[in-house]
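Going by TrEMBL, these are the annotated features:
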type: DOMAIN; residues: 18-96; note: domain '2Fe-2S ferredoxin-type'
type: DOMAIN; residues: 96-135; note: domain '4Fe-4S His(Cys)3-ligated-type'
type: DOMAIN; residues: 159-190; note: domain '4Fe-4S ferredoxin-type'
type: DOMAIN; residues: 201-230; note: domain '4Fe-4S ferredoxin-type'
type: DOMAIN; residues: 237-293; note: domain '4Fe-4S Mo/W bis-MGD-type'
Amino acid sequence: MSLLKEPDYGTPARKGDATVDVAIDGLSVTVPEGTSVMRAAALAGVDVPKLCATDSLEAFGSCRLCLVEIDGVKGTPASCTTPVRPGMTVRTQTPKLEKLRRGVMELYISDHPLDCLTCAANGDCELQDMSGVVGLREVRYGVGEGENHLDAPKDVSNPYFDFDASKCIVCSRCVRACDEVQGTFALTIEGRGFDSKVSAGGLDFLNSDCVSCGACVQACPTATLEEKTVVDLGMPTRSVITTCAYCGVGCSFKAELKGDELVRMVPYKDGGANEGHSCVKGRFAFGYATHPDRQMSPLVRERITDEWRPVSWEEAIQTVATRMRDIQSRHGVGSIGGITSSRCTNEEVYVVQKMVRAAFGNNNVDTCARVCHSPTGYGLKQTFGTSAGTQDFKSVEEADVIMVIGANPTDAHPVFASRMKQRLRKGAKLIVLDPRRIDLVRSPHIEAEYHLKLAPGTNVAIINAFAHVVITEGLVDEDFVAERCEDFDEWASFIAQPENSPESLEEITGVPAAEVRAAARMYAAGPNSAIYYGLGVTEHSQGSTMVMGMANLAMATGNIGRNGVGINPLRGQNNVQGSCDMGSFPHELPGYRHVSDESVRDIYSQLWGTPILPEPGLRIPNMFDAAIDGTFRALFVQGEDIAQSDPNTKHVFAALESLELCVVQDLFLNETSKFAHVFLPGTSFLEKDGTFTNAERRINRVRPVMKPKTGKHEWEIVAEIAQAMGYPMHYDSTSQIMDEIALTTPTFAGVSFDLLDRVGSVQWPCNDNAPLGTPIMHEGGFVRGKGRFMPTNYVPTKERSTRKYPLILTTGRILSQYNVGAQTRRTANVAWHPEDTLEIHPHDAEVRGINDGDRVSLASRVGQTSLHARISDRMPVGVVYTTFHHPVTGANVVTTEHSDWATNCPEYKVTAVQVGLQSPRLQAEEEQVAVPVAGS
Ligand code: SF4
Ligand code: SF4
Ligand code: SF4
Ligand code: FES
């Protein structure tokens, strides 16, 4: 499509049933009460000139360009700040208004460089447009004469956008975007009158509080804030609407191109998940897609010690098929398997699990969700009947109490965090359960009511204590429980036992009982209380128990089944939800239906023409163990760097080294490919054609912006491997794959590319009962019928601090980097996070003689690494924290074999470690090798 310009109605929409009728330039229009005259005019088809107004921000009324005349009203009020009144008659074009507007524009232009023809924003500048609209023909005051800002400095410090102060009209749209939309409050207008100017807290953008979300760039009506890519490449000429491939928020973007070159990513206002907002990763960090490190041709080698040999697609595919079949003939049908990727599309994942089940002939398929949200799947299925978050993101706008548990939304789910912060600034109360003081605890205009700094590994103890307060203080929603739930009495009598009281558990959790009681009362009082959680819940030995504990608490207080409430997993990767939905687990066919269910197996065996085994296959950790035992011999890995991301690196390496055949499908030669015999180059999100499903079950289209640079789509390669193995698999297009998913999966029955093109996105279930999808689940009844209370005995993790390893390590993410960093490390995002560091409390640092920036060793009983220390009072005493974005650090060298009892999700969040100052000699040696991948 040509360049898509979305309409700008000037001021935000107002909600409500009450409406007002007005007449604007003789046109009648009915709008919700509280709508501005400017927006009403736009809805009537009349564009009022404007500069300081845009519909993502509340009206400010500073530019005086949008003046109108209103019958019975004196003067010329600003249409952006004037709400409609019943029966209003408005005129937007009169000789008087035209004169006033020309006067305003003349003043702006007299202090503006007149370099339109060479300006980066030429053709995309509202100042330029408005000059035309008001018919400005001369500037009487003389451009650049007298005092002016034409020599104002340029700030080019940010890697992605420039700030050219000489072009600023001080409309404050950037400041308001940073405050209202992003919630970072990094910008201010300094000074008054002629001296007023935009300031990033007196610093340059790079060193300010700015988090590079780009909202200010998007809001700026001039070339003052402009993407560097636009400066370098010129204005884009066409748009493709697609979906960000980083996190589980699933933001929609307009990919704007010039020819085949991506110029910029602009958040799409109609995007259901993001409504026009973005973060630094989705908006700017797309350079990895064209990074020279990308592999474009298939590679093959006999042994992992050999050099890679570039081969044709035919040879690579035949090699995989022949060697897979050969291994099966020698070691049995179950000796091979595959891992699907939450980075890939639903369609790509579906064909891999189909290849495993139909061509390999076993259920040895697992997904990287094993190591992140598999406990969510288990816990929510047991209690509610389906494995997914209950709400849409918009629901948070109606939450009164927001409880964030083991999640760091401002870093890991930034666009949703901005939405949550908007709600918190409007008065919702916040409870944070996290050992570490995440940014949300205290940020501009936000302060958590309670920050419960629980000891790592004690989630279940604390959620039981919350429930104990609810039960013993009579805070249960009796009607909800009686009507909609089962097994309450057994659970309640267990929870009411004294050992579950906040007082009894205080010593274990480290959280004062009074704080737990107060927070529990606040949650129970709501009236709308919502829980948002992340990997700090799931990546524990009791991850599944904790998910059920949260579900119990929500059911007991009636916080399920309407807007503003719910249990909401903040999914890490772009398509974790989808990869699980698509049947990636060894025990489940698509739609979370167990392989032991004959009626479900029949659907697939009939359609696929081959029987499906009724026994679950191997999970990832079982595959590793079996590889070391010699019974599992070949692995197909789709887009997951298991050698870096999975715990207990030594064990993973040993397993991978044991394989006869390891096939890696990825963008880059990653850590896992060091153990691979065949490398199949993959496609970036810009080349993919399919769908991602985000954390709110929203199925978004991923549209190809360009053809696959490797010559083949990933699903085509997988289908061709299956074919070469003798199993007929062929699709003409990805929409056919989605049609097969819809045909066989009841929750996807109504989904098709046609529907998505028509309505934008839908949240599953989408079928005859809900043709346009289901934003809120369990309204009126749970998917499993009655919500089931599940027992949640607290069992301490086996991983304990000891004299030798006295600290507990917990891990997490940082805003600018993403997971193992394969993409973000290959972008200019390295400006913010060039290496993983170890956060340590000042006391723990002092007793070890560690100063800020020192190189320290980090050792657990399974391994050792080293990194720079960052002394931080965000950490409690006894707990240290690091990220896992850089292979050079290899944080997972130290994580252990412990895992969730139900799902084997690794216990990344609790590792007993020791930290010590590294000798200067070792420091010097390591500094030499610790070089991150350079950005581009
Ligand atoms: S990029 Fe985002 S955080 Fe930075 S100043 Fe602009 S709006 Fe604020
Ligand atoms: S930088 Fe742009 S948005 Fe900000 S005040 Fe200047 S012109 Fe307005
Ligand atoms: S919040 Fe997530 S999905 Fe949205 S732009 Fe950022 S990384 Fe992409
Ligand atoms: S657009 Fe209304 S005052 Fe600027």
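Quick reminder: no glycine exception, Cβ is built from N, Cα and C everywhere.
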_Same-chain residues near the domain '4Fe-4S ferredoxin-type' (159-190), Cβ under 8 Å, at least 6 residues beyond its ends_ = 51-52, 54, 56-58, 60, 62-63, 108, 112-113, 119, 127, 149-153, 196-202, 205-206, 208-229, 231, 277, 280, 283-284, 417-418, 421-422, 425, 443-446, 828-829, 831, 935
_Secondary structure composition of the domain '4Fe-4S Mo/W bis-MGD-type' (237-293) [DSSP: H/G/I, E/B, coil]_ = 9 helix, 21 strand, 27 coil
*So how many of the residues in the domain '4Fe-4S His(Cys)3-ligated-type' (96-135) end up helix, strand or coil by DSSP?*
27 helix, 0 strand, 13 coil
*When the pLDDT values for the domain '4Fe-4S ferredoxin-type' (159-190) are averaged, what is the result?*
96
*Mind checking how the domain '4Fe-4S ferredoxin-type' (159-190) divides into helix, strand and coil residues in DSSP?*
13 helix, 7 strand, 12 coil
*Tally of helix, strand and coil residues over the domain '4Fe-4S ferredoxin-type' (201-230) according to DSSP?*
8 helix, 4 strand, 18 coil
